[in-house]
Amino acid sequence: MGKDSQHYYGKHGTPQKYDPTFKGPIYNRGCTDIICCVLLFLAIVGYVAVGIIAWTHGDPRKVIYPTDSRGEFCGQKGTKNADKPFLFYFNIVKCASPLVLLEFHCPTPQICVKQCPDRYLTFLSARNSRDFDYYKQFCVPGFKNNKGVAEVLRDGECPAVIIPSKPLAQRCFPAIHASKGVLMVGNETTYEDGHGTRKNVTDLVEGAKKANKVLEARQLAMQIFEDYTVSWYWIVIGLVIAMLLSLMFIVLLRFLAGVMVWVMIVMVILVLGYGIFHCYAEYSRLRGEAGSDVSLVDLGFQTDLRVYLHLRQTWMAFMIILSILEVVIILLLIFLRKRILIAIALIKEASRAVGHVMCSMLYPLVTFFLLCLCIAYWASTSVFLSTSNVAVYKIVDDTPCPLLGKTCNPETFPLNESRQCPNGRCQFAFYGGESTYHRALLGLQIFNAFMFFWLANFVLALGQVTLAGAFASYYWAMRKPDDMPAFPLFSAFGRALRYHTGSLAFGSLILAIVQIIRVMLEYLDQRLKAAQNKFAKFLMVCLKCCFWCLEKFIKFLNRNAYIMIAIYGTNFCTSARNAFFLLMRNIIRVAVLDKVTDFLFLLGKLLIVGSVGILAFFFFTHRIRIVQDTAPPLNYYWVPILTVIIGSYLIAHGFFSVYGMCVDTLFLCFLEDLERNDGSAERPYFMSSTLKKLLNKTNKKVAES
């Protein structure tokens, strides 16, 4: 038995030895992982430089406003097209070209106009009639009618034909409608293309479809934005309710941990039960209604998600999912009922620790603020990088041309290239560039994403070390709370920044590398979806699974390494090794106690999110009679509901993360305490009387007195 024990400890390190001078987090410590600290500083300097360069070259207006063939904005104040908000395509049929999907523009001249055409005219018929004054507004600015028809159409100065159109997302699209199953534009089923040929309206449909693909997503985004503008204050109220519920729950947990845990468990079961009942009620209500028996597969994807709520199969799917969750939770509670009692004792001890360090409940606000800064800087830099390209002009021609697709200058184009491409046009193609900066844009975007992951993980690591240091000072105080420092949270925060910035940078760097690899794998997966190579797909799934597991393991290891850093002040690698071996020597306790506690915290989050989500659902669907006239009219009521649910989860997660870090810290300290001490007068346990009673441990000195 002794040999087995010696072999086990040799494989997972040796237990901590008794140190009479150890009284908790070490104050006399030195800087750790200085190289990583310097590396982080240089990376931040580079990141700021990238942001400045992006902000210098970028123009976010390119995301909002359409541009004509010259790259000039339509409807933008302060430009010559300020009174021309709509983009008009000379030949919408050419938008059916695959070039639209590759370079996101139609290979046809485009100009900004005050209004979309409301009548059918050809250039040939309008040129020598009184309709030409109307027609001329759809020609290029400054057009002079001093050329022949063929030259005008060749040079792309006027469209060959205009047809009745309607604006959509500031673009003019043919006003196509169906009459008795026949597609028509205006009152015609065919149209003349301006060259003496009549074409079917379906050609216009194909062109409009390709040009409209991106615009459908934009229209959906605009409708969602409209919903936010009329419901944002109600969303804020819902998030405030979630915050108050989280605070109330934690305050009650401080005094009534055992009762609250069981109440929480029952409430989650009841909430899921109500969800099952509601789904069944909707499923029964739709029985016999026209169209309610259509399957989800037959319906396909619809941008208006409310359509799915009129299908019985949707509510059946919801009911099955909720029923599975209900059964799984009940089974887990049955098999883990004894372990729940142990977890409750840990939560009570954590409640006492949080009670003595109450300012720790406000620390998630610091983390949230710093994360918002990281997200804002990353998002703005990303937008400016993506819009920092310059207008690139390409030579286009309807006939073969040796310079076709070459870059050109619209100011000098007719002089230099007219001999080789007599029918060519220098047309705006896309926003890009041929400078070193423009060629490096993809790399800068990757660097931007990588720095976001690194800084975000650093902020989270700083919070974990700070909380761990504060709660460790509580555990290692022999007389709680008399032996605790005056300001444990601020002391831990100062130690983390002063001594361990390098270690935090090291741990967050490792995690950021794994996360950026996962992002690249997701990108490659999207590119390979159309491929038929099954081996490549299988390999991609395996890689994604492996890196997902690796990220979870690194997060777990980092979390415990940060606790050891907060206590002992050792570097990252030493702390990670010691934490890992300590957990491996107590793997059963880790699996049972720590994970059961995490499960209980998850139930608490579900209770808060479920309660606020149900309240938001009834409010935004006008089902609360008292305030049904107060709820705003919406395009998609699920927009504010999902926002409230996600926001409530993040708020609850922020508050429960403090408790979770407290439990993890106390648990690790508890394992150290068991290895360092034996309860004798010389080596007394630091754990509280509750934990000693729970584990049948006593301090002999206390027993003798």
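Any Cβ shown, glycine's included, is placed from N, Cα and C.
Judged by membrane topology as recorded in Swiss-Prot, Asn28 sits across the membrane from Arg306. Of all ranges given (533-553, 638-658), Swiss-Prot attaches the label transmembrane segment to 638-658. In Swiss-Prot, the entry for N-linked glycosylation site among Asn416, Asn696 corresponds to Asn416. Listed as Cβ neighbours of the transmembrane segment (599-619) (distance under 8 Å, sequence separation of 6 or more from its ends, same chain) are residues 234, 238, 241-242, 245-246, 249, 261, 264-265, 267-268, 271-272, 274-275, 329, 332, 336, 340, 343, 347, 627, 631, 640-641, 644-645, 648-649, 651-653, 656, 659-660. Across 233-253, 454-476, 504-524, 563-583, stretch 504-524 shows the highest tally of CB pairs under 8 A with the transmembrane segment (34-54). For the transmembrane segment (316-336), the partner stretch with the highest count of Cβ pairs under 8 angstroms, out of 233-253, 257-277, 365-385, 454-476, 563-583, is 257-277. Long-range contacts of the transmembrane segment (365-385) within its own chain (CB-CB distance under 8 A, at least 6 residues past either end) are made by residues 50-51, 54-55, 57-58, 60, 63, 441, 444-445, 448-449, 451-452, 455-456, 459-460, 462-463, 654.
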